[in-house]
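Data block below; observations after.
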Amino acid sequence: MGDFNVALVIVAAVVSVLVLLVSVYLLVNYQHPDDANQAYFPKLVVVLGLTVAVLAILMLPADVANRQACRKAIYNGACNLTLPMKTLWLVAYIVDAVLVFLVIPFAMFYYEGDQDKSVGKRLRTALMWVVASAVVCGLVLGILYGLVGKVDFTVRHLSSTVQTFPNSFSGFSSGQPCFSQLPRVCAASTAPANSQTTWTMRATFPEYVVALTTIVGSVLFTIFGGVGIACLPLGLIFSFIRRPKAVITRSQYIKEATELGKKARELKKAAEALHQEERSGNKGRKWRKNVKALEKELLLLEDDMKALEEMYPQGEQAEATWAFTVLGYIGKLIFGVVGLIVSIAWVAHIVIYLLIDPPLSSFLNEVFIKLDGVWGLLGTAAFAFFCFYLLIAVIAGEMMLGLKLVFITIHPMKWGGTLMNSFLFNVGLILLCSISVIQFCATAFAYYAQATAAQEIFGHTLQSLRGIKYLYKYNVFQYGFVALAILTLFYYAIFVSPFHQVLSQ
């Protein structure tokens with residue numbers, strides 16, 4: 001079958017089914033009991049969104065494997081590619097954009113609508129909000145595409161006359177690289193610096209939608225990902241350091257539980273006061289700020305209650321519960337150390353390969369290539385793991401900033417306790433940032449992912465779009481990512497580390 005790889009098609013089909021099953025599994029186990037046997041449309045959106053986001057990440061390794069069919073071809077067009085990756089990329093990201101800007105907002109408006117209203121009224125309200133958002137987004141996209149939706153490629157103009165093909169090549173040398181030394185015959189070899197020019201063409205509308213969506217996602221990815229790549233492993237490690245060392249006594253448990261009960265009653269009074277203000281129609285900026293602050297306090301109270309239950313396990317299986325608690329903290333330490341190694345490798349790779357010009361080394365690119373030499377899919381698996389790690393870091397960063405900053409709404413993901421609006425918010429964040437993660441990985445691992453369809457979209461078209469290209473030309477997102485990672489490291493060292501707790505005492 002020539003270059004066509006049947007095994008790649010089979011693997012792609014099997015992985016797609018597995019991703020769908022894993023998405024359903026996560027939904028079933030993370031959903032809140034109050035959402036059981038209801039909210040089917042938001043659940044369908046969550047499963048679809050998770051599946052699209054994960055498959056989008058896996059498409060880049062698949063793109064690399066797809067290009068392996070061309071490794072013996074003289075040029076890229078001289079082979080029969082197994083999968084139409086460029087078309088698949090555009091379809092995946094158009095679906096991604098539709099889910100993020102239309103479907104997920106509709107599902108959230110519907111889910112958070114007034115439960116006293118009928119289903120029809122809730123649907124109309126959600127539809128009105130989404131249509132208004134779609135009109136605004138459509139106008140912005142249309143105006144921008146009409147005004148600046150062009151690609152400016154920097155090219156070098158080369159030309160020469162046509163010469164008869166020589167019978168012998170013995171006369172060629174470094175001093176005589178061409179057929180003849182007549183004027184313009186050697187233009188391609190001796191082109192002056194002023195032959196460089198700009199070639200302008202209009203980008204396709206799907207590519208422009210992907211580009212603008214990537215910009216929005218890149219801003220969020222830079223903020224949340226930069227913070228998360230540091231706080232994710234450090235949070236796990238410090239959680240192990242601050243773990244309960246032994247089971248507390250019953251009197252200590254009663255004392256701590258009494259304090260938590262007192263705090264819970266205070267929060268209940270605050271919630272009732274806010275509910276009374278809502279009924280009276282006083283829902284201004286101050287009210288919304290107080291609601292967000294209350295939500296954070298409730299989340300911290302739940303964490304304190306969970307910590308107290310860990311320190312004083314009850315029931316017939318108390319000893320077994322304590323053993324599992326200890327094992328859980330050991331697991332956090334292991335994952336924290338592994339995550340710290342991955343985070344350091346990521347930051348080092350960005351600095352070595354992207355920020356320093358010319359790059360000091362291809363670093364992780366070489367690692368992946370060597371792993372592929374050990375076993376065909378080992379490098380691909382490592383490559384996919386590094387991309388997924390960035391997505392997990394985004395969620396960790398959003399959670400941390402949500403706890404520290406009042407203007408960011410927090411949407412925690414809890415096993416068996418995640419409401420659909422939090423599910424939808426985090427899925428939307430994952431979808432939006434997955435585009436940027438792919439672009440970031442395609443740039444960071446350009447040597448490993450060379451000549452792929454992703455490189456064509458993200459490495460050439462996106463980085464040459466008028467008005468946008470300067471963000472990539474000067475590595476704005478990469479510098480922001482590294483800067484926030486370093487600031488988060490200092491924050492943990494100064495305010496969260498055990499050394500700070502000793503000084504504060």
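The chain as shown is numbered from 1 upward.
Glycine is no exception: its Cβ is also placed from the backbone N, Cα and C atoms.
According to TrEMBL, the protein has these features:
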- 6-28: transmembrane segment (TRANSMEM)
- 40-62: transmembrane segment (TRANSMEM)
- 90-111: transmembrane segment (TRANSMEM)
- 123-148: transmembrane segment (TRANSMEM)
- 208-241: transmembrane segment (TRANSMEM)
- 257-311: coiled coil (COILED)
- 333-356: transmembrane segment (TRANSMEM)
- 376-403: transmembrane segment (TRANSMEM)
- 423-448: transmembrane segment (TRANSMEM)
- 476-495: transmembrane segment (TRANSMEM)
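Here the transmembrane segment (40-62) has long-range neighbours at 8, 12, 15-16, 19-20, 22-24, 26-27, 31, 83, 85, 88-89, 92-93, 95-96, 99, 103-104, 107-108, 110-111, 380-381, 383-384, 387-388, 391, 420, 423-424, 427-428, 430-431, 434-435, 437-438, 441-442, 449, 452, 454, meaning same-chain residues at least 6 beyond its ends whose C-beta is under 8 angstroms from one of its own.
Between the transmembrane segment (208-241) and the stretches 90-111, 123-148, 333-356, 376-403, 423-448, it is 376-403 that has the most C-beta pairs under 8 angstroms.
The transmembrane segment (476-495) and the transmembrane segment (90-111) are not in contact, since fewer than 3 Cβ pairs between them lie under 8 Å (pairs 6 or more apart in sequence). Through the fold, the transmembrane segment (376-403) approaches residues 53, 57-58, 60-61, 64-65, 220-221, 223-229, 231-232, 235, 296, 299-300, 339, 342-343, 345-346, 364, 367-370, 409-413, 426, 429-430, 433-434, 437-438, 440-441, 445, 448, 488 of its own chain, all at least 6 residues removed from its boundaries and within a Cβ separation under 8 Å.
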